[in-house]
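S.K.: Positions annotated as region 'Disordered' by TrEMBL: 1-26. Positions annotated as transmembrane segment by TrEMBL: 279-298, 310-330, 342-360, 645-675, 681-703, 715-733, 762-782, 803-824.
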Amino acid sequence: MSFAPFSRHMSPEGEAPTNPDQVRSDVKAVAPYTRAIRTYSSTHGKELIASIAGEQGIRVTAGAWLNRETDKQGELDRKAKAGNDKEIANVIEVARRNRNVDAVVVGNETMLRGDMKEGELAELVRKVKRQVNVPVTTGEIWNTWLETPELASSVDFIYAHILPYWEDVPADQVVDYTIAAYDRLRAAYPGKRIVVGEFGWPSHGYNRGASVPDPMWQAKIIRDFVARADALGIEYNIIEAFDLPKKQNEGSVGQYWGVFDADRNLKFPLTGPIFEATYNQTAILALLLGVLFTLPLLRMRDLTVSQGLVLAGAGNGVAAWLALVVDYWMNHYVMGGDYITLALSVVMLVPLVFVLLYRIEELAAVVFGRSPARLVEAQKPATPSRFPKVSIHVPAYREPPEMLKQTIDALARLEYPNFEAIIIVNNTPDPAMVEPVRAHCELLGERFKFINAEKVAGFKAGALRIALDATAPDAEIIGVIDADYAVTPDWLKDLVPVFDDPTVGLVQAPQDHRDGFRSPLHEAMNAEYAGFFDIGMVQRNEDDAIVVHGTMCLVRRAAMVEAGNWSSDTICEDTDLGLSIAENGWKTHYTRKRYGYGLLPDTFEAFKKQRHRWAYGGFQIIKKHWRRFLPNNSRLTTAQKRHFVLGWISWLGSESVGAFMALASLCFVPFVLLFGVSVPAYVLTLPIVATFLVYALHFVSLYKMRVATTPMRMVGAAIAASAVQFTVAKAVLDGFRYKDLAFARTAKGNNWLAGAARSFPALPELVIGSLLLLAGIALLLLNNMPGVALTKNDWRHIREINFYGIALMVQSLPFVAAALIGAFEPSKLNDFATLRAFRTKVAALPRRLGLPAAGPVPPAVAE
């Protein structure tokens, strides 16, 4: 077998001297398994191998390594010439001094590399033959021998390298292919001694067309070939003795040709059943992790059998993935920058995997679990024996007066006898935005209090604190709505009775909007919001872990005061207050019924700014409250903590990690194309694609079951939800960079703020998404194009590259979604009239073409 006595940390491509103790140890390692070894060089200490091998009775085929002796300009390279001369002189000396040397190989694939011409190499062979008493040859691939009769005539025997991996041969055909190649050489050179100078199969690395490295196939191929060759009387040399972790000049497989691993352990049994060395450890680890992931199911309330099976399957799937990551680490030689790549990938993928589990859990709960039991409408509260006073607070910052008057009029229609409304206009210097609202409140009577706070610090929370100070002393419940919300008359009548339970601190109703008819984009935005309120909030409510979102919420005044009132140290004061109330042990409730309708953001840019504010505020809340999640630091239950933590990871973590991984993947592409750097393994790219598929299944299934919408609106919601990934990621980055950012008002009501964003609202997403999509397509095309080799490593049809290309395209989708919305928004397609006209034309096509009519066009759904 080929023998290279390099330790795990030594490079066979350098000139570091070989340690005699290392050689002696390695010779002892192979001695029980072979009668002969082959060396490739006779300098830098390798000239000692033959004498040390002789101590163990091992024969040696001694090699001399030859390099090109001219530079690119054709001039003599004196250093290379001196090196070749030294190799020749040493191998001659080795052959003369060591009786166990039975052949000399002058050069290794010298002609394949183009380092020498046939005549030059033949002359060197003849030169060595004249000075030694053993047969002399050179090592070349078998095809080269068929094309070089002069070289064949100069050697004492043909020393042919037959390595089917490099010829794209499927693993199950390798041995037959090798024997057939050997027979062709015999037919070409009858009577000439022929030795298979190199034969082997790598255990790991990229596939090369149909050639797929695999540890089990390596074992089977080598064992089958040895048996066939021995039966046929074929002389052979197996490449190679040891794995060489620092062998970088053969792409991904160069490290893995050894029969022994780098620690000198046999990689497979030479007789008996074939099995992977680490299979048992990996399987046991997967089972143990699977048990760990499924144990929490025992504590879940009202778990159905189907729900439990889905969750157990998902937990074991993730456990198997983690075990495969460990197995990858154990069975691959992670060198240099690969450490950073693998470690960083795992660090980023772990939260992604937890998000995947969280979504599967929610999917299983909705599809296979029991119906929600804590929704307010399911409790059917009775008519209250008393009507506690409610103070409704409406903060308004530079809001259009007509819109605000509609909000006030809706409050005036409430079917509840005991309430007041405080309208607080803050930081709005324009009298035209203030006085009409003041006059309208005065018109409606003393129940409607108007406050004009000209200089208020602390954003929206500052205004709400002023409103609380002005609240009637006998008000027990505080209601909060945004300035654009028109409530339904039954809001207080239906929800105030929930506060008859003295432990209830807050009741939240969902957001909804009354202007989705404005355009298809607004319709898509509205459908996107609905998913959170009809799916996520309903499930979180089952464990009393809802996210308070300000508008349409009712709060017990005592709970608010205990929580410290509205806080200005985050820009999401509503969610901050709601979490503080829950931390103090108050119950919260949620209803799925709509009791109010607001206005959607005017533009996609405004939609993004609102999402940035929510995400940045969420990050502030994490920084503020994380200590309250430690043991005994609050009255939150384990289930509540779990929902909040996983919710933050699912939203802030997955979006930011997803965006960062997309950018990292994009930056990696040039290194793959230009320098042949290893692409991420399946074990690292699989979770990206798996998370996308689970996300798609989760979205489609739960929208169909929970959200009252049409398929087209559902598609629009999916695009809108994906389009803000980069925005959320930027908000998280801003959370790390800045302690405080100014409160960004969401432009609503078609006022002048709606035109603030005049540039294309998704330019960064357009650039990144286009590059990701084009890179993925380019990798797939180049990798699978006939006759095209990807990079200097001659990569072709590599499965990991195909998978990497698919992963890039998947990662491009959120960016492309944002760019599509940015282009769609100003187009004529973003108009219901245009879409109706288009549907009418499509319906009329059969009649124009003389085809049978498809039936009448159904009436348009009222937008």
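Every residue, even glycine, has its Cβ placed from backbone N, Cα and C.
Not measured: the values here are computed from a predicted model.
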S.K.: When you look at the transmembrane segment (762-782) alongside the transmembrane segment (645-675), do they share 3+ Cβ pairs under 8 Å, ignoring any pair fewer than 6 residues apart in sequence?
M.R.: yes
S.K.: Residues of the same chain, at least six outside the transmembrane segment (279-298), with any C-beta under 8 angstroms of its C-beta?
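M.R.: Same-chain contacts beyond the ends: 308, 311-312, 315-316, 318-320, 322-324, 326-327, 330, 357.
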S.K.: Could you pull out which residues elsewhere in the chain have a CB under 8 Å from any CB of the transmembrane segment (715-733), counting only those six or more residues past its ends?
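M.R.: Those are 520-521, 523-525, 527-528, 530-531, 604, 607-608, 611-616, 619, 651-652, 655-656, 658-660, 696, 699, 703, 707, 709, 762, 764-765, 768, 813-815, 817-818, 820-821, in sequence order.
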S.K.: So what's near the transmembrane segment (762-782) in sequence-distant terms, Cβ-Cβ under 8 Å and 6+ beyond its ends?
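M.R.: Cβ under 8 Å, 6 or more out: 604, 662-663, 665-666, 669, 672-673, 723, 726, 788, 790, 801-802, 804-809, 811-819, 821-822.
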S.K.: Would you mind splitting the region 'Disordered' (1-26) into helix, strand and coil residue counts from DSSP?
M.R.: 7 helix, 1 strand, 18 coil
